[in-house]
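S.K.: Sequence annotations record features per position, and here Swiss-Prot assigns ADP binding site to Tyr67, Gly100, Ala101, Gly102, Lys103, Ser104, Tyr105 based on experimental evidence. Annotated ATP binding site per Swiss-Prot: Gly102, Lys103, Ser104, Tyr105, Ser215, in sequence order. Among the features that Swiss-Prot reports, Mg(2+) binding site is placed at Ser104. The compositional bias 'Low complexity' annotation in Swiss-Prot covers 1417-1441. What Swiss-Prot lists as phosphoserine is Ser416, Ser418, Ser419, Ser932, Ser937, Ser1315, Ser1342, Ser1533, Ser1537, Ser1553. Positions annotated as region 'Disordered' by Swiss-Prot: 1410-1451, 1524-1564.
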Amino acid sequence: MAGASVKVAVRVRPFNSREMSRDSKCIIQMSGSTTTIVNPKQPKETPKSFSFDYSYWSHTSPEDINYASQKQVYRDIGEEMLQHAFEGYNVCIFAYGQTGAGKSYTMMGKQEKDQQGIIPQLCEDLFSRINDTTNDNMSYSVEVSYMEIYCERVRDLLNPKNKGNLRVREHPLLGPYVEDLSKLAVTSYNDIQDLMDSGNKPRTVAATNMNETSSRSHAVFNIIFTQKRHDAETNITTEKVSKISLVDLAGSERADSTGAKGTRLKEGANINKSLTTLGKVISALAEMDSGPNKNKKKKKTDFIPYRDSVLTWLLRENLGGNSRTAMVAALSPADINYDETLSTLRYADRAKQIRCNAIINEDPNNKLIRELKDEVTRLRDLLYAQGLGDITDMTNALVGMSPSSSLSALSSRAASVSSLHERILFAPGSEEAIERLKETEKIIAELNETWEEKLRRTEAIRMEREALLAEMGVAMREDGGTLGVFSPKKTPHLVNLNEDPLMSECLLYYIKDGVTRVGREDAERRQDIVLSGHFIKEEHCIFRSDSRGGGEAVVTLEPCEGADTYVNGKKVTEPSILRSGNRIIMGKSHVFRFNHPEQARQERERTPCAETPAEPVDWAFAQRELLEKQGIDMKQEMEQRLQELEDQYRREREEATYLLEQQRLDYESKLEALQKQMDSRYYPEVNEEEEEPEDEVQWTERECELALWAFRKWKWYQFTSLRDLLWGNAIFLKEANAISVELKKKVQFQFVLLTDTLYSPLPPDLLPPEAAKDRETRPFPRTIVAVEVQDQKNGATHYWTLEKLRQRLDLMREMYDRAAEVPSSVVEDCDNVVTGGDPFYDRFPWFRLVGRAFVYLSNLLYPVPLVHRVAIVSEKGEVKGFLRVAVQAISADEEAPDYGSGVRQSGTAKISFDDQHFEKFQSESCPVVGMSRSGTSQEELRIVEGQGQGADAGPSADEVNNNTCSAVPPEGLMDSPEKAALDGPLDTALDHLRLGSTFTFRVTVLQASSISAEYADIFCQFNFIHRHDEAFSTEPLKNTGRGPPLGFYHVQNIAVEVTKSFIEYIKSQPIVFEVFGHYQQHPFPPLCKDVLSPLRPSRRHFPRVMPLSKPVPATKLSTMTRPSPGPCHCKYDLLVYFEICELEANGDYIPAVVDHRGACMGTFLLHQGIQRRITVTLLHETGSHIRWKEVRELVVGRIRNTPETDEALIDPNILSLNILSSGYVHPAQDDRVFFGNDTRTFYQFEAAWDSSMHNSLLLNRVTPYREKIYMTLSAYIEMENCTQPAVITKDFCMVFYSRDAKLPASRSIRNLFGSGSLRATEGNRVTGVYELSLCHVADAGSPGMQRRRRRVLDTSVAYVRGEENLAGWRPRSDSLILDHQWELEKLSLLQEVEKTRHYLLLREKLETTQRPGPEVLSPASSEDSESRSSSGASSPLSAEGQPSPLEAPNERQRELAVKCLRLLMHTFNREYTHSHVCISASESKLSEMSVTLMRDPSMSPLGAATLTPSSTCPSLIEGRYGATDVRTPQPCSRPASPEPELLPELDSKKTPSPVRATETEKEPQRLLVPDIQEIRVSPIVSKKGYLHFLEPHTAGWAKRFVVVRRPYAYMYNSDKDTVERFVLNLSTAQVEYSEDQQAMLKTPNTFAVCTEHRGILLQANSDKDMHDWLYAFNPLLAGTIRSKLSRRRSAQMRV
């Protein structure tokens, strides 16, 4: 085994965070034991290969089959070396490599079981093999030592007493060793593990740019492993001693890479020095052991520099000496570390050539002791020869003592013999001889020490370590873990009493023996206690601790000159002795309590009944004590101040009351004067024009009823409003369908009309907000326009409101834009998954409503049992099946019949009807039942609620059943048959319905039949018409569609306390039955499996965007009605900068740091409790129509910790800010885009923001980790020539840190500021892009004119991208209204049929039972009822309903009808047509004809369905759909030179007539309505890079960084710039490309971009780059250019 080479292994680690952030590439490849490295700077260079004993590939994850784990590394290296140790050899394993390469991880690892390194695994395996030994003649002992080499100094990591640096000495026999290094005996692996943890804690580590926990020292873990074998035959014990050295080296580093400065730089220099020496030693040993040099003579250069470094000196035996050595070279795989990695490989390759001459260390102690004794004899003879023989006796006395005992004895003897020192000093060589003698005696004593003595010494050191920690106030558990911290038991100390302990840096300070200095960190002399603050001097005071008689320590406080120091509230100027419990104040804010444990203990012994203070001694106590000593009475001062404030408040309140009263009187006088002036101006004119009043016409009762009926009908007429909604929203519906087809969502959208009827009640989410307000006053049910969403993939149908469609459409557009950049495979996978985040899909329930049925309860009045067979009607009026229900009155204890499989309910449901609103409902003829709880059991009580429309509120051709209207047309409406029969005095109710008694009846759900097989799992639930709590439900039944009917046989007993409202309810109101089933007939069955398939992870993830909030309501501005905007006059793109400035120490307001990462596009990093200002800067192109006048108000509110906000809630935290300044400013240097003068307009305003005024905890506290605070800001800015202020709204994202926190700049910010091209403050802003639209004010006119001017143009004719894929699909229009009328008629007839069937069934039952019934149930009454019910009026939506036949109209009535007809057939007036809509005469006739067809009830539905307005009118959709999106042959927006005769109105406004000149001068007319909308920045980047810009009349080209996010191009100063400096709207700009122009200007690769305000010439780096930019700016133009180039090349090739 002797002469073996060093085992060398290399191991490559994964990328760290630093390398991943720089997108590093792997340059290391491993194949077997061969390692190859590639030069990233010269890829064509041949890779360098190295061969080692082991090559470990740990770059990938553990799932990789080639991954080398910690276990594998130990199995290959550690187990072999441990085996050598058991054989008796010295063993060494050390790790080598650059910093952060993974050396410590390989050697020491982590705490996890599978992450442990070589050292823990080797120790565990060592004791495992020891414990597995069964030979009784073998005994083992293990000693460990742990040291670190820091800055060429050795420190003991196991003994806390060895705080100083240890000396490295060299013995002729032992070689280099560390003097006084602790060697602790261990008996188990747990002991070693505890020692390793204790040694790793004080080890020196620090953070660098390369590694967050960089080892700043070399660590050497030594194990002395002794094996004793007792030979029973010879009675001889032999020993084998092995030394196991496990070395964790610090990594080599470069100062520029690690960013080392100061102490880190000094540490790195020492690390590099020792590693350089190690490299020299390895190289020298490799050269000595190499073949060619063996036969040569030893040269001077063969000297091996072991002594140049402490590391190599201690490892001398392990490098080419008596040791079995293994080296692990740790490698970094990143290309940025190529040089360091190549150097490591070369050193490892040289280390392979080193050969070590290892020998078995057998019986070393006997030989060593003999040689040491000979050396002692020789040294003693040397002393005798020099005349120092009397020292021999002293030395003999020390033999056999422990090293510590011998040293103490020698010291005491030397102190007593003064002449001995003189003799030693003057004797030549005597001092060296004595030193060597001491050294030898220490070694002999250590060798003679028994194993038990070593264990006792180890335990004593452990006790000393725990005692030292206990004295410092650290409590330890028995297993060595930390238990807690307590006050020291002996040492005097200072306890911090500050409210904020961070102000005084530490909670507790120790006062050491001697002098303890207190001062600032920048003092010339080093201070023991360092404090900071304005009133702390460089050397503030001194604590002097002296020991007096009896061992008592006395602490004296000595203040320095000019330092403010107080003890118990008194200022100290001379040295003062401190007593335990004294309060010490240094400066103004540092408050401490002095504690002296020994002194306090003695005082308690002297006075055992010492009084405790009445209040705790804390910071407040010390401050009050200081004020009292200074003669300041805070209580009296506060009372005086409070009295002054009260007096001031009283005076100001009286003054304000007086001023308010005076102002009120002034306003009243002014109003009276104005009123008199108006009366005098108008009354004479009115009197002159006044005609003689006509006699009041007396209407008959029939005429009043007719007028009331007509008024009510036309008030709730909905035809025109429904048509407007259908026409105005058609373009949204078309776009949604087009996107659905292109994204293959299999979802279709179509308009649908929904009416709130009994058979189709509207869910709350479809009702508009004002529905709840007018529900009580509305006589007809509400009809709304909704969107029917047919999810063909999942077989589901949903209904959306129009507002929800618009919201979802925004998300669809984003998904469509993203899909253009995502691979098609990913898009298809996205289609197969239904998630909550997909805007096309909604969650759908398992059960679907089949239909509803109604059962009336009037048979309970007689009472007779009835079995009803009622139709199950769907919301569309289709009969889906039939339901058999039995209703009968029963006694309270009657049992339910046995139906076999029927279900018997466990108890009787108790219902309570309240009469408190009965008189009100009786007067209104509305059978609405009010409910309240009675005294019955709350567990079984069910409440019927009385809110909502009447039970028969569905639309009907016959208003007989509405029961909600007090005004009816004569002979047109009548009460229902049942109600007519049963109306009468309630006092005459039958005996079974006595008021106050309990009435019990039974409802039995028998069977359901004729339900289609497409519905499975049928169940039924029923409830009272107005109840909204839990319904009565049956169990689900399987439905096959064949065989006998479904038998529910569900019995429910209901007990009611008879009240007037209950009797009124059973007279006219039904019970509603709802039948549900699982719809199992899927439209596309093969797609079901795709829906459940998991989505593969997308290769691209787009950032989450913040929602756009609505403006925060203004607090100071009066509520103004927004005027109706007319045609758009002009549009501007606004670039807005938002800054939050914080007050700095120098008094300036500096913009707060902004982190531009994340979905918020900018997060403000703010400090807690600092004054702030908000600065807003507006940038836009200079134009004549946009002039900012002043900022009316700036409001902030909606404080929240989520991006979303509930805008419906009233925010109490809205705050109006104080505007400090506003006006036009000059652009900053960094905001300029071009070299010339920036012609853009910069308008800036600033406001003070006190976040504490919001009274919000989110703004007052420090933001928790991973949380962000959101706030909405709205600025109301007044503009010239505008009717109202423009509103700019922005959502802020903020994070609050503590006041003194140092904000770490993000990586992007560091890159930005480190480049030196931009100032730090210029990047600390958040940008927003807005679109300003200035529209003309639409003239109000008369109500009739307003109706004719309503924007009812059909938007379905506007072109939408992708509508070619709709295959002729068109949104429903006017025909939908007529079809919905037929559905309502059908529902009304079905309802009448059910009522009549119930009436006939009840009458037949009464006749068969011979019960006397009311007269009205006779056949004559029935016929009369039927005749009267057949003459009802139509529903409020019907245009065909007419009152009953009347007498012939007179002349006045005919004139009124003709006038109404003219108004209905009137077209747009000439003014509106000329000013806003370019429409021809023929088109006007077409529109007139269409309106006529729509209003003519004689036309067929097919004719009415062809309603379409002119397709040449401009689109009414603003924002996303401009004028170019609609097919307009002659767009008339913004003509170049308008003709006076075509625009008379406009000319009159521009040049007012002389008659109205005075009025114009008095009050200028404002014509425009501003509208500012924030533009959501697209996450899709079409292209980004540098472009050169050239503007006319500028100095030269400007290089700018451009990012294209359609439809905008954003320009930055550089790629490190985070703030947009210029925005170019590509949708309105014109891109021009000309090869002739390039040749003429001699500027290749250029193209021009022209806007309304400027023209820019852009130059790309290459021809290909230019075409890429053209494609990003204008894809159609780029395609045209490429097509021309292709044709040109083809022609050239043919030639």
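Positions of Cβ are set from backbone N, Cα and C atoms, glycine also.
Situate these features within the shown structure.
M.R.: The DSSP secondary structure for Ser104 (ADP binding site) is helix. All protein chains shown were included, and the count of other CB atoms within 10 Å of the CB of Ser104 (ADP binding site) stands at 25.
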S.K.: For Tyr67 (ADP binding site), what is the tally of other C-beta atoms lying within 10 angstroms of its C-beta?
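M.R.: Taking every protein chain into account, the count is 15.
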S.K.: When you measure from the Cβ of Gly102 (ADP binding site), how many other Cβ atoms are you left with inside 10 Å?
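M.R.: Other Cβ atoms found within 10 Å: 23.
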S.K.: Rounded to a whole number, what is the top Cα to Cα distance in Å among the residues the record ties to ADP, namely Tyr67, Gly100, Ala101, Gly102, Lys103, Ser104, Tyr105?
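M.R.: So the binding residues stretch over 19 Å, Cα to Cα.
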S.K.: List every residue in the same chain as Tyr105 (ADP binding site), at least 6 positions away in sequence, whose Cβ is under 8 Å from its Cβ.
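M.R.: Listed in sequence order: Arg13, Gly117.
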S.K.: What is the total of other Cβ atoms whose distance to the Cβ of Gly100 (ADP binding site) is within 10 Å?
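M.R.: Result for Gly100 (ADP binding site): 28 other Cβ atoms within 10 Å.
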S.K.: By a simple count, how many Cβ atoms lie within 10 Å of the Cβ of Lys103 (ADP binding site), its own Cβ left out?
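M.R.: The answer is 26.
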S.K.: Using Cβ-Cβ distances, find the residues under 8 Å from Ala101 (ADP binding site) that belong to the same chain and are at least 6 apart in sequence, listing them in sequence order.
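M.R.: In sequence order, Arg13, Gly251, Ala330, Leu331, Ser332, Thr344 meet the Cβ cut-off.
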